[in-house]
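Mind having a look at this structure? Questions to follow.
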Amino acid sequence: MDLLTVTLALLVLLTPAWGFDLGQSTRCVPIPHQMSVCQDVGYSEMRLPNFLGHSSLEGEVVPRSEDWRPLLQTGCHPQAQAFLCSLIAPVCLDTFIQPCHSLCVAVRDSCAPVLACQSHVWPEALDCDRFPAQEDMCLTPHPKHSNSHLAKALPKPACQACPSVEEHPSLKTVLDALCQDDFAVTAKLSRRRLPSGEPEFEVEGRVEFIRQGPLLPYDTQHLLQQWLLINLRCANALVRPGRTQLYLLTGAVQPDGTLALTRLFPWHKKDHSIAVATRKWKHHKC
C-alpha cells in the first residue's frame, strides 16, 4: 500500500461525524476473522452498530478497520489498538464500554504526531471531550509499571526531515560521516510490492553495527523499522516496491531520546569506498 493509498483510506475513515446514539438498539456479533486488527483484544464478540456508526460488517466495519493498520503498526502508543478497537469493535456486555477521556488523551498525545508526520490531523470524530471523564465505567489507561523508567531510556523513532541519501560517496565522505555521527549501522531495507496484513516497509535480517554509539543491540532493528513506518514519505523514497536495498545509515540520538538519521549511503556491489571506509574506521577510528 503506497502513501497515496494510505492517505485516501485514512481520509475516508477520519470523518468528523460522531455516528452513534447510545439510546439506539444494538446486536452482538462475532468479530470476523478477517478483521485482524482487533483479533487479540481479549474478547470475541462486538456490538453493531459500533461507536463510529458502522452497521455493516462487510461493507464498513472490516474494510475501515484495516485503514487503521498503518498507524497501529508504528507502535505510537501501547494502548492504541485497545482504544481504536473499543470504538470499531466495542465489547458486547450488558452496558456500553467506551474509552475514558484519559485513555483518549494518552493515545492522542502519542499518535497525533505520527498522523501529522503523514499530513493528517487527529480526527474530530475522536475528540477526547466526547468520552467520559469518570473512570468507573470506561476503558482506562494501564497504570505505569515499576520499570517504566527503562522504557523511557530506550531511543524512540520520531518524525523528521528526510536524511541525505548519497549515491556512490567518496571515501572521505563516508569516513567523515562515521566520525561525525554518533552511530553507524548497515541494514537491508525492503518494501513489499503487494498489500498485505504485514508492514509495507521492513528491516530484513540482522542490523550490523559499524559504530554502536547510544544504540542498544536488541532494540535497533525494531527502532529502525518503526522509523520507516512513521516516516513514510522518506521510506517511499528509499526503497522501490518489491525491492531490497542495503544501506549504511548514520545518525544520532537527540537529547530528548529520539532517533535522527543523518545520512544514508546505498551500498551497491561496486561501492568500494564504503567497504574501505568501514574497514579503516574499525581499525583506526577517527
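Cβ atoms here come from the backbone N, Cα and C positions, even for glycine.
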Under TrEMBL's annotation, the disulfide partner of C104 is which of C76, C85, C128, C138?
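In TrEMBL, C104 forms its disulfide bond with C128.
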Mean pLDDT across the domain 'NTR' (159-286), rounded to an integer, is what?
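Result for the domain 'NTR' (159-286): average pLDDT 92.
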Which one, from the disulfide-bonded residues C104, C128, has the smallest tally of other C-beta atoms lying within 10 Å of its C-beta?
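Among the disulfide-bonded residues C104, C128, the lowest count of other Cβ atoms within 10 Å belongs to C128.
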